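Participant: The domain 'Major facilitator superfamily (MFS) profile' annotation in TrEMBL covers 15-401. Under the heading transmembrane segment, TrEMBL lists 16-43, 49-69, 174-193, 227-249, 261-283, 290-307, 313-333, 354-371, 377-398.
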Amino acid sequence: MENTSEPKQRLWSKNFFLLWQGQLVSALGDSIYEIALTFWILYETGSPGLMGALLAASLLPKVLISPFAGVIVDRTDRKKMILLMDFIRGVCITFVGVAAIFGFLEIWMAFVAGITLGICAAFFNPAVTSTIPDIVPSSRIVQASANLSMLRAVSQIIGPSSGGVLYHLVGPPILFLCNGISYIISFILALFMKIPKSTSQDQQYNFWEDMKDGFAYVWKMKGLRDLIILAGILNFFATISIVLLAPMFKNAEHLGEVKYGIALAIFTLGMLAGMIFTSVFRIKPEHKSMILTASGLLQGIILSTAVLMNDFIFMAILLFFGGICNAIVNVLIESTIQLTVTQEMRGKVSSLKGTLTMGLAPLAMFLGGILGEFLPIQYIVYSGFMAITVLFIPLIFLKSFKTFIQYNPEQQKVEL
């Protein structure tokens, strides 16, 4: 590994800084909103099963729309797309906050708001992802990805750790309103960005043909295909565990809502440490596969052990190291995809990756909630995280995966 100190290729341009600022504000609002909404639903319904069903139903539209969204993103003005999605989310969540303040917020309203957020995210996320390589030098893409992940980590440290306290101090209505305002701020910052026009924007196109091309592109690139399929399976088991963390902490006498927020913050603090590592040091291509596989295996072992700890301090220490491993895995995967996929295909591939990796998440949320009604929640969470360790083992033996992860754009060409 070598320290990155290249003065000629600057990461922090005006465009990237504006994008980073907007994402920081909205991500902070989201992290507080999520913890407030999670416990609001739990206290309103008292049912892990219903909570899982509501979360699943909110995520399903995003999963179904993502492949269509990627095609549209590649053919439209990405700045306008980013602005529109931020504006819609700002108006929607501001309404939820106002409704809660005046006492007429119903669960179905929060449910509709969740669907709206999911739909907007399906367009917004590939728009942002496909923009990064056009506003950042290729040699700085890993650092850019790490820095954007880092800001989400910072928001997940501040949000959960303060969210539980703020939930009791000011109540969920104010927290909902603050999230709506954060989207409006992100919208204003994006107004000043200059995003290069996509080369495919002016071309004639057939919607279904573009979707078909996106699937074909992913399927022919064996390393990418194997990675996405495995990620979908891994994400299924992780989601079962994650969706039950809140009720697990709520029901445990030695834990509770406040420690839930602290635990999330500590895990994210570990993620931040991992992102700082990948941002400051450039990992050589030939080392990527080894580091990614080791981090994935350790992540499952550490997290499954953490949920069995009765001592919160030991649990917190394990969560910190689990966060480091999680961050390294995410940054290496995302930056590799950005490097290997051509500009005109980035939006489609980003959306397809999201659809295929998240496609099983609604089922996992629903299944996790149902299992939580009948089985000890702690052991369900443990089993889900341990499954990640078991399923990560095949990566050691997949040559196509190793070749894909270790791709070096300066020495290789992408082979389909």
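Each Cβ is built from the backbone N, Cα and C atoms, and glycine gets one as well.
Surface or core, plus neighbours and distances: that's what I need for these features.
Facilitator: The predicted model assigns the domain 'Major facilitator superfamily (MFS) profile' (15-401) a mean pLDDT of 80.
Beyond its flanks by at least six residues, the transmembrane segment (16-43) meets 50-51, 54, 86, 89, 93, 107, 110, 114, 128, 131-132, 135-136, 144, 147-148, 151-152, 154-156, 158-160, 162-164, 166-167, 172, 175-176, 178-183, 185-187, 189-190, 192-193, 246-247, 250, 257, 260-261, 264 of its own chain at Cβ-Cβ distances under 8 Å.
If one looks beyond the transmembrane segment (49-69) by at least 6 residues along the same chain, the residues whose Cβ comes under 8 Å of a Cβ in the stretch are 38, 41-42, 107, 111, 114-115, 117-119, 121-123, 126, 207, 211, 214-215, 243-244, 246-247, 348, 351-352, 354-355, 358-359, 361-363, 365-370, 372-373.
Counting same-chain residues at least six beyond the ends of the transmembrane segment (174-193), those with a Cβ under 8 angstroms from any Cβ of the stretch are 14-15, 18-19, 21-23, 25-26, 28-30, 32-33, 36-37, 79, 82-83, 86-87, 89-98, 100-101, 105, 163, 166-167.
Within the chain, the transmembrane segment (227-249) has long-range Cβ neighbours (under 8 A, six or more residues past its boundaries) at 38-39, 42, 48, 51-52, 55, 218, 255-257, 259-260, 263, 303, 307, 333, 352-353, 356-361, 363-365, 367-369, 371-372, 377-378, 380-385, 387-388, 391-392, 394-395, 401, 404-405.
Sequence-distant contacts of the transmembrane segment (377-398), counting only residues of its own chain at least 6 positions beyond either end whose CB sits under 8 Å from a CB of the stretch, comprise 48, 226, 230, 233-234, 237-242, 244-245, 247-248, 251-252, 292-293, 296-297, 299-301, 303-304, 307-308, 368, 371.
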